[in-house]
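All remarks here apply to the structure that follows.
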Amino acid sequence: MRNGDTTSGAIVYLNSLKGYSIMNQSADSAPEAAQPTAPAHTPLAPKPPKRRITPTLLRRGIQGAFAIFLVWVGWDFYLYVQWATGKSQAFTPKPPSVEGFLPISELMAARRLFETGMWDVVHPAGLTLFLAIALMALLFRKGFCGYICPVGLASNLLGRLGERLGLNRNPPRKLELALQAIKYIPLVLLCYFSFFAMSVDEIDSFMGAPFNMVADSSMLFFFLRASTTTLIVVGVIVAASLVARNAWCRFLCPYGAFLGILALASPVAVRRNAATCTSCRRCQRACPSAIAVHEKTRVNSPECLGCTACIEACPQKDCLHLSAARSRVPFWTVAAGCLVLLFAAYLWAVSTGHWVSEIPPGMLRRFHMIQFGG
């Protein structure tokens with residue numbers, strides 16, 4: 001082979017090696033996105049955030065629990081009345097909790113207790129509940145109305161329904177004040193007859209009378225055998241609750257009026273920081289009683305339920321908070337205080353004999369048959 005041919009072959013061979021090297025370098029320098037790769041791991045789905053307890057959630061939970069409890073108590077009481085009126089031979093003890101719905105008897109029993117030191121033996125649970133609820137108001141505002149009262153729950157539900165139907169309106173301020181004054185009229189009359197118009201001897205006669213012994217059953221028949229007038233009044237209250245938020249509680253309930261007066265002495269109240277308040281009025285719109293929270297430094301209104309819905313609605317950090325004697329406390333203080341106080345009163349009454357009536361069931365049955373027929 002000639003030297004020229006050898007040289008030419010070597011050059012061709014070297015050029016081919018150079019081309020192969022350039023191709024490899026081009027392949028190595030290609031972007032990584034062009035090379036499919038398996039992910040190192042499968043990402044985990046994010047956990048849903050835990051639902052924190054808010055004032056609204058707490059209030060609805062407690063109201064719902066008491067509503068279920070009262071349905072059970074109401075059914076037991078109905079079975080008792082069936083036995084007491086001779087419509088059933090199966091004896092069912094009367095649930096003492098129903099005595100909490102006898103405000104007239106409770107007021108007179110309280111007057112008698114203050115003057116004589118004697119506890120009511122006809123409706124002892126009623127007096128226990130009355131004093132416990134009054135103490136609640138002195139310590140924890142109208143927490144009973146905001147968290148426990150079944151009539152308040154019904155009024156709240158009707159108010160929400162009215163909002164969804166577009167019926168709910170807040171009356172002008174002057175009209176609202178006039179409507180709020182209505183509930184104090186029956187309260188003044190009840191207090192006058194209970195504490196001033198009647199002597200202790202007359203109260204003793206009232207409390208020992210057969211119609212007072214069956215007053216709780218009379219309350220049941222008032223609704224089971226409702227007259228046309230009763231149905232009209234209930235219909236008007238329902239309609240008012242659809243149009244005005246919490247109409248019964250704000251304008252008509254004398255029990256709530258009484259508790260509101262006591263609540264003025266409560267150390268617990270919502271406080272507002274004027275420096276951070278923007279007067280957006282979300283607090284007022286959220287308040288079940290439509291209180292103008294944005295205008296107050298300390299919300300010491302007889303209409304305040306202590307529900308802290310205003311605090312939940314406020315968009316400004318540290319603008320509204322619940323306080324007790326100027327110390328900041330958690331929003332659930334009112335709810336917890338009312339529940340603890342109510343349970344403590346129940347335990348005390350059961351352990352000391354101030355819960356179950358001392359009137360023999362046989363005597364009560366005879367009074368029922370005379371009063372309601374058997």
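Think of each number as a place in line: the chain as shown, counted from 1.
Glycine too: its Cβ is placed from the backbone N, Cα and C atoms.
Features of the protein shown, as given by TrEMBL:
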type	residues	note
DOMAIN	268-293	domain '4Fe-4S ferredoxin-type'
DOMAIN	295-325	domain '4Fe-4S ferredoxin-type'
REGION	28-50	region 'Disordered'
TRANSMEM	57-75	transmembrane segment
TRANSMEM	121-140	transmembrane segment
TRANSMEM	181-200	transmembrane segment
TRANSMEM	220-244	transmembrane segment
TRANSMEM	251-270	transmembrane segment
TRANSMEM	331-356	transmembrane segment
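If you look at the transmembrane segment (220-244), the same-chain residues 6 or more away from its ends with a CB under 8 A from one of its CBs are 77-78, 81, 154-155, 158-159, 161-162, 165, 167-171, 179, 250-252, 372.
Counting Cβ pairs under 8 Å to the transmembrane segment (251-270), the top-ranked stretch among 121-140, 181-200, 331-356 is 121-140. Highest Cβ contact count with the transmembrane segment (331-356) among the listed stretches 57-75, 121-140, 181-200 falls to 121-140 (criterion: pairs under 8 Å). A Cβ distance under 8 Å defines the sequence-distant neighbours of the domain '4Fe-4S ferredoxin-type' (295-325), meaning residues of its chain 6+ beyond its ends; these are 54-56, 59, 140-143, 145-147, 180, 250, 257, 260-261, 263-264, 267-274, 276-278, 280, 282-289, 331, 333-334. In the predicted model, the domain '4Fe-4S ferredoxin-type' (268-293) has a mean pLDDT of 95.
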